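Novice: Here it is, the structure, as structure tokens.
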Amino acid sequence: MSHNDTIVAQATPPGRGGVGILRISGLKARGVAQEVLGKLPKPRYADYLPFKDVDGSALDQGIALWFPGPNSFTGEDVLELQGHGGPVILDLLLKRILTLPGVRIARPGEFSERAFLNDKLDLAQAEAIADLIDASSEQAARSALNSLQGAFSARVNHLVEALTHLRIYVEAAIDFPDEEIDFLSDGKIEAQLNGVIADLDAVRTEARQGSLLREGMKVVIAGRPNAGKSSLLNALAGREAAIVTDIAGTTRDVLREHIHIDGMPLHIIDTAGLRDANDEVERIGIERAWQEIEQADRVLFMVDGTTTDAVDPADIWPDFIARLPKNLPITVVRNKADITGETLGISEVNGHSLVRLSARTGEGVDVLRNNLKQSMGFETNMEGGFLARRRHLQALAEAANHLEQGKAQLLGAWAGELLAEELRLAQQSLSEITGEFTSDDLLGRIFSSFCIGK
């Protein structure tokens, strides 16, 4: 579709409400104002006016706001009509506007896309709009707002600028090889490169925090039947989310709870007890359990402390450990400490965290909560933090790889041309975050996930 079209969409959620807003952007927005309002409102002033139908009768009355381009969110002429929030009223007004030639319904995210294309915000800021709307916690909302205000983009742009200066220095060394000073081996380039690598590592650390805050961590509770998995889910969720009985195999399907631990979002998943089941329904539940385990960020290996004294997961259930995906983090949870009399707390066994608790009484559950938070490196207070998406992490990782490759070329062979190329590729990877180098397909995927009126 052409970006020269004038677009309209409801900017408020569907349904009944006190206020309903229609947003219009494009060349014909001025004509819409004159047709529907009978006048062009004073720029950036609220004007209380009737909204008129084709025959001049009033459809509604409310506030009209006129933002002539380029001083608007999209960079185009923008008109906002704020009327009553009834779906019938808004639908009538929308149909009235669509009778005007050259006006069409906006695609999802098209207002933000136009703002990006008109240099009103970069791609990371545009994504932050959707993240702010979807934020599931106060900290996520604050971090999304920081990204919208340019905190993440500023960090990325600083890295791009540093790489630009470094590339200039390297290119000079390549173009003037007969100078008395060997720029490639005088130590200055290596020092600057190490500085950029260190700055990039710091941004990657914050970005991982931001991604965790946005995406959440997927934690799967797994183990044999009657180990207390559902009781632990209830204890972590703070409510009776799962049915708990003494009957083995009570949980046959996957149960999900979304919780927060000091601002960190977690997707807690309770699964069917793992065993050789004869019942077809239970077998399906066990298959689903393994599917969830294979996609987990961490597994809580639930152990009934009354059935074994072993603490090493390989000794407790070697077949289970052997089937787990390689490098999948495990926390061993020895349950029923209220019965065994074990000392509550946390220790480490063969590189795995071991938590002793009672899911029934709740004793020791806070220790597990802290373990989950610390295991992901999550910081409760992230002043100035920003949200990040998986594509951001990938771009940062690619940039880091190019810088390490460039450093190897510099130290191994003093190969200036190869170093310059790696620096260029690193710069390009970083620029993908803000949208300076981004394919149209990626833009389409990003903005299509937005709300219609954003």
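One is the number of the first residue shown, and numbering goes on along the chain from there.
Cβ from N, Cα, C; glycine included.
Dumping what Swiss-Prot says about this protein:
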| type | residues | note |
| --- | --- | --- |
| BINDING | ARG23, GLU80, LYS120, LYS454 | (6S)-5-formyl-5,6,7,8-tetrahydrofolate binding site |
| BINDING | ASN226, THR245, ILE247, THR250 | K(+) binding site |
| BINDING | SER230, THR251 | Mg(2+) binding site |
| DOMAIN | 216-377 | domain 'TrmE-type G' |
Novice: Return only the integer: C-alpha distance in Å from ARG23 ((6S)-5-formyl-5,6,7,8-tetrahydrofolate binding site) to SER230 (Mg(2+) binding site).
Specialist: 47
Novice: Report, in whole Å, the straight Cα-to-Cα distance of ASN226 (K(+) binding site) from LYS120 ((6S)-5-formyl-5,6,7,8-tetrahydrofolate binding site).
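Specialist: Cα of LYS120 ((6S)-5-formyl-5,6,7,8-tetrahydrofolate binding site) to Cα of ASN226 (K(+) binding site) measures 57 Å after rounding.
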Novice: Using CB atoms and a 10 A radius, I'd like the single residue among the binding-site residues ARG23, LYS120 with the highest neighbour count.
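Specialist: Going through ARG23, LYS120 one by one, the largest Cβ count within 10 Å is at ARG23.
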Novice: At a 10 A cut-off on CB-CB distances, which of the binding-site residues ASN226, SER230 has the highest count?
Specialist: SER230
Novice: For SER230 (Mg(2+) binding site), what is the secondary structure by DSSP, using just helix, strand and coil?
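Specialist: Once the DSSP labels are grouped into three classes, SER230 (Mg(2+) binding site) ends up as helix.
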Novice: Would you count the other CB atoms within 10 A of the CB of GLU80 ((6S)-5-formyl-5,6,7,8-tetrahydrofolate binding site), including those on all shown protein chains?
Specialist: 21
Novice: Quick one: Cα separation, SER230 (Mg(2+) binding site) versus GLU80 ((6S)-5-formyl-5,6,7,8-tetrahydrofolate binding site), in Å?
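Specialist: Between the Cα atoms of SER230 (Mg(2+) binding site) and GLU80 ((6S)-5-formyl-5,6,7,8-tetrahydrofolate binding site), the distance comes to 50 Å.
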Novice: Tell me the Cα distance separating ASN226 (K(+) binding site) from GLU80 ((6S)-5-formyl-5,6,7,8-tetrahydrofolate binding site), rounded to the nearest angstrom.
Specialist: 58
Novice: What does DSSP assign LYS120 ((6S)-5-formyl-5,6,7,8-tetrahydrofolate binding site), in three states?
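Specialist: DSSP assigns LYS120 ((6S)-5-formyl-5,6,7,8-tetrahydrofolate binding site) to coil.
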Novice: Find the average pLDDT over the domain 'TrmE-type G' (216-377) in the predicted model and report it.
Specialist: 85
